[in-house]
Amino acid sequence: MDHFDQDTYHNLPVEIWKHIIDSDIDSTINLLFSCKQFIGLVCILTNNLNLLNLLVKKGNLKFLEFYFRLNTETNKLYTEQRLRVEQNECLKMSCIHGCLEILKYLISIGVDFRMNDDEPLMLAIENGHLKIVQFLYSKRVNIRARNNRPLVLSCEKGYINIVNFLLDKKASFVSKQNEVFSTACGFGQMDIVKLLVEKGADINVGKIPPIRAAAAGGHLNVIEHLVNKGASINKCSVDSLFSAAFYGHLNIVKYLLGYISEVNIIYYAFEKACINGHIDIVQYLFSENIITKDIITENSNTRYLFYHTIRNKHKHIIKFLIENNIFDKDKKYPDILESAPKDMDPYDYLISFLNYQ
């Protein structure tokens with residue numbers, strides 16, 4: 001390179017240049033490959049994986065080849081084991097970033113594209129790279145690896161193009177646990193839900209039934225679609241209500257209350273909302289008189305509700321309940337609030353007082 005780059009290199013000690021490049025490889029990568037002096041720093045960088053990741057991400061195959069050749073030929077500390085580790089990582093990075101040319105190159109020099117039970121395939125699916133998935137399939141990877149994980153993962157991420165490809169290649173969504181379909185429902189991937197329903201997916205059964213999965217994920221549109229398609233909501237309405245309350249999905253709680261009237265069941269949903277800090281559900285159930293002061297105080301499990309809500313430090317829930325004169329009758333909450341130091345929020349004091357008893 002020109003004298004400017006060489007002079008620039010000699011203006012600072014090698015240790016300083018190493019620190020500069022290590023601290024921000026994204027901004028300094030072009031400097032690293034500007035002249036032979038800077039290129040020599042490649043062998044002493046602290047985290048070479050950052051550099052390799054950037055080269056793969058940019059699709060810089062020539063620089064990648066040069067990196068391996070430079071280290072192999074000039075770096076006495078560069079062992080065969082380190083070479084294999086870095087090449088394996090580069091192959092995984094090529095699947096993450098969708099760099100087909102680099103993937104092909106690494107496979108051509110013998111890097112194992114089926115490492116760790118087809119991890120490269122999983123990484124390509126997780127990041128939505130259909131071309132990588134198609135190429136790996138042509139290399140005879142197992143598209144049913146890890147108990148059908150490729151299809152489950154593509155449903156989770158919502159990549160319908162990959163789902164279609166896997167189905168075309170005879171991956172099956174049918175299983176006793178119905179994991180593929182329930183996953184699509186749980187992550188709200190409506191296009192995939194519709195596709196699988198059209199192909200005959202069971203809309204009722206599963207280790208986690210589809211409606212319950214959708215309730216836990218907060219996807220009312222999926223629940224409504226399944227019900228419209230004939231799903232039996234009554235069979236899983238209770239567990240679905242509990243899941244919606246646990247995860248804080250008020251719109252689904254409202255919807256499911258249209259199918260549930262038992263006070264004890266609704267109380268336990270209220271309890272889950274309290275313990276997990278979902279004030280909007282708590283206030284809604286209370287304001288609509290679905291849950292009342294009498295229902296709470298007369299329930300034999302009130303102590304459990306307060307204990308865990310306080311342990312989880314949900315001050316806004318505790319404050320709401322006490323301001324409505326609702327509390328575990330065995331605890332003198334008003335007295336504790338009154339005894340709070342003047343420089344401390346009374347409810348913070350209550351929580352700290354009860355948590356350290």
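Cβ coordinates come from backbone N, Cα and C, glycine included.
A quick note: this is a predicted structure, and the numbers were derived from the prediction, not measured.
What Swiss-Prot says about this one:
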REPEAT    34-63  repeat 'ANK 1'
REPEAT    86-115  repeat 'ANK 2'
REPEAT    116-145  repeat 'ANK 3'
REPEAT    147-175  repeat 'ANK 4'
REPEAT    176-205  repeat 'ANK 5'
REPEAT    206-235  repeat 'ANK 6'
REPEAT    237-265  repeat 'ANK 7'
REPEAT    267-294  repeat 'ANK 8'
REPEAT    301-331  repeat 'ANK 9'
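Residue counts for the repeat 'ANK 5' (176-205) under DSSP, helix first, then strand, then coil, are 17 helix, 0 strand, 13 coil. Taken through DSSP, the repeat 'ANK 2' (86-115) splits into 22 helix, 0 strand, 8 coil.
Within the same chain, residues 209, 211-212, 214-218, 220, 223-224, 272-273, 276-278, 280-281, 284-285, 290, 295, 299 sit at least 6 positions outside the repeat 'ANK 7' (237-265) and bring their C-beta atoms closer than 8 Å to a C-beta of that stretch. The repeat 'ANK 3' (116-145): residue composition by secondary structure is 21 helix, 0 strand, 9 coil, according to DSSP. Listed as Cβ neighbours of the repeat 'ANK 8' (267-294) (distance under 8 Å, sequence separation of 6 or more from its ends, same chain) are residues 241-242, 244-248, 250, 253-254, 257, 301, 304-305, 308-309, 312, 314, 316-317, 320-321, 324-326.
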